[in-house]
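> What follows is a single structure, and I will ask about it in a moment.
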Amino acid sequence: MSKPEYFIGLMSGTSMDGVDAVLVDFSQAKPQLIAGHTQAIPKHLLKGLQRLCNPAADEINRLGRLDRAVGSLFADAVNALLEKTNIPKSQIIAIGSHGQTVRHMPNLEVGFTLQIGDPNTIAVETGIDVIADFRRKDIALGGQGAPLVPAFHQQVFAEKDQIRVILNIGGIANVTYLPGNSEQVLGFDTGPGNTLIDAYILQNLEQAFDEDGQWADSGNSNQALLTQMLSHPYFSLHYPKSTGRELFNQAWLEQQLANFSHLDAEDIQSTLLDLTCHSIANDINKLAPKGQLFVCGGGALNGALMKRLTQLVPGYQLQTTSALGVDAKWVEGIAFAWLAMRHHHNLPANLPAVTGASKSAVLGGRYSAK
């Protein structure tokens, strides 16, 4: 047997529903998940991050403090993950940390993206080298800096002569189109995933998320509101494209609801679920009329979402990535362990056709624990 090649992946998405930490062995043809752990984000830290995502005065001090605090949180996730295994830290080659996105503005004249969670702090508090800051090289090369996971999807999920679409539904939803032949792999953000659904149930019922989509399923979707929301210019943009809370946030939702105050809250929640499903389905149906659709991320656990989506993509067999041997909950964490592995071996990790970068490149920087 070949010697294990252990990397850890750390991911916290726009939904901010926890830090996923995964331990992965890359010594085989396909990555092997050894262990996974989700570290809850403490309420005081979550509030600070949510405030930082909205433009305001005195951001620099808050940014600096939160950068260190998120770094410590990510380190806690790694240490808790390793407590679940018998693998010593000395055997871990590196941690791949996504960080926490607080701004993603790739379409400005000088585009930028900003993830916090100081990798120096993670390295010091875990004793393991950290590879981080994966997105900014792609932006420096004229790309969107996102999505980065399609290169990983291509390596792990592509199958000759089969059209496959990998759909990740986190706060934002993104798709990877794997044509199964010499055609170009494509990938982009379709729009909101769980971000608006989560925000609205938190505001109304003080619940972090709509479990299994039950609240949305108790309401009736409003066609006029859905049509209005789907008229957002982002949905008609051609890829490469990426988005985030900067476009689809509480303020945007309040604007959309201004003329719909007569609607019951559960009807609005049902319409928000439809917004996610319709924006995803519209893009998938444009990519190819039929194929296999594999879903991962938090949205894969939402039964109402999966049911509605199935109805909107009749040409597709819909399953989660677990059917391909990769647990739907941990796909993004594994992807960032993979990105760290690519950096360690000096291999490129972005797909210019996906991000719009001028060339493929080695992504991220290494922060030594020594």
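Just so it is clear, glycine is given a Cβ too, placed from its N, Cα and C backbone atoms.
Below are the features I grabbed from Swiss-Prot:
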BINDING   Gly13, Thr14, Ser15, Met16, Asp17, Gly18, Val19, Asp20  ATP binding site
> Can you give me the residues near the recorded ATP site, meaning same chain, not Gly13, Thr14, Ser15, Met16, Asp17, Gly18, Val19, Asp20 themselves, Cβ no more than 8 Å from the center of the site's Cβ atoms?
Met11, Ser12, Ile41, Gly170, Gly171, Gly298
> Once the chains shown are all counted, how many other Cβ atoms turn up within 10 Å of the Cβ of Asp20 (ATP binding site)?
24
> List the residues of the same chain that sit at least 6 positions away from Ser15 (ATP binding site) in sequence and have their Cβ under 8 Å from its Cβ, in sequence order, or write 'none'.
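Spatial neighbours, sequence-distant, of Ser15 (ATP binding site): Gly170, Gly171, Gly193, Asn194, Thr195, Asp198, Phe209, Gly298.
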> Within 10 angstroms of the C-beta of Asp17 (ATP binding site), what count of other C-beta atoms is obtained when all protein chains are considered?
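Excluding its own Cβ, the number within 10 Å is 19.
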> Rank the binding-site residues Gly13, Gly18 by the number of other Cβ atoms within 10 Å of each Cβ and report the first-ranked residue.
Gly13
> Among all the protein chains here, how many other CB atoms are within 10 A of the CB of Val19 (ATP binding site)?
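So the number of other Cβ atoms within 10 Å of Val19 (ATP binding site) is 27.
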> Out of Thr14, Met16, which of these binding-site residues shows the lowest number of other CB atoms within 10 Å of its CB?
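Among the binding-site residues Thr14, Met16, the sparsest Cβ neighbourhood within 10 Å belongs to Met16.
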